[in-house]
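The next block holds one structure in the form of structure tokens; read it before the comments.
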Amino acid sequence: MEQKLIIRQLGIRDYQKTWHEMQEFTDNRTDKSADEIWLVQHPSVFTQGQAGKAEHLLRSTAIPVVQSDRGGQITYHGIGQQIMYVLIDIKRLKTQGRDISVRQLVSALEQSVINTLADYGIESYAKADAPGVYIDGKKICSLGLRIRRGCSFHGLALNINMDLEPFHSINPCGYAGLEMAQLADFVSPQEADCGKVSPKLVEHFVTILGYNKQQIFNIKE
């Protein structure tokens, strides 16, 4: 039996509220629960991953810092950054013949961004030793996942049209001097719009993971 996939359009929402909702969803889901993708933007916030080191926050600012349970180091979220959280029952995918590891899920997320950027004529790439997506050495997309009971939550953050200045207050993802990029550096302001980019991003991701598109349902909240 093919499972439904629910796409939730959450708009702009507080990071901690969304994070706790992801935890609750994952803790309470059953083997019958549909997988979900949450599309959201967060007001300004720095988030530290589980292995996050304090020294990667270079200076104190008015922006709050939240200690998260995702993988990875510190990053920044702000308006104009498209976040895609993937709440997927990985162990169930394996029983359906889609033998996917956590590393393969990370690769699927990276490839969905690479394919999305290619739709705009932008060449990008992933790095085996530093998860994310890059353009000419600059990072345009950050990744961080948590796996609990064989199910994923957290996901990716793709810079679309945002203020990149707060990244200068951190070593992004733990890399000193790492420069950041965004879609608005390469396309018109009209094209660099989260509402236009997110459908392409989702389309590529669900295609890579092999979801039946007749079983995909969009919900705007």
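Cβ coordinates are placed from backbone N, Cα and C, and glycine is handled just like the others.
Annotated features in Swiss-Prot:
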ACT_SITE  Cys173  active site, acyl-thioester intermediate
BINDING   Arg70, Gly71, Gly72, Gln73, Ile74, Thr75, Tyr76, His77, Ser142, Leu143, Gly144, Gly155, Leu156, Ala157  substrate binding site
DOMAIN    31-213  domain 'BPL/LPL catalytic'
SITE      Lys139  site 'Lowers pKa of active site Cys'
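Recorded features from Swiss-Prot, shown on the structure.
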residue: Arg70; record: substrate binding site; DSSP class: coil
residue: Tyr76; record: substrate binding site; DSSP class: strand
residue: Lys139; record: site 'Lowers pKa of active site Cys'; DSSP class: strand
residue: Gly144; record: substrate binding site; DSSP class: strand
residue: Leu156; record: substrate binding site; DSSP class: strand
residue: Cys173; record: active site, acyl-thioester intermediate; DSSP class: helix
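In this structure, the C-alpha atom of Lys139 (site 'Lowers pKa of active site Cys') lies 10 angstrom from that of Cys173 (active site, acyl-thioester intermediate). Considering only the binding-site residues Arg70, Ile74, Tyr76, Ser142, Leu156, Cys173 (active site, acyl-thioester intermediate) has Ile74 as its nearest partner by CA-CA distance.
Spatially close to Leu156 (substrate binding site) yet at least six residues away along the chain are Ile83, Met84, Val86, Leu109, Val113, Cys141, Ser142, Leu143, judged by Cβ distances under 8 angstroms. Sequence-distant neighbours of Gly144 (substrate binding site) (same chain, six or more apart, CB under 8 Å from its CB) are Gly49, Ser68, Arg70, Gly71, Gly72, Thr75, Pro131, His154, Gly155, listed in sequence order.
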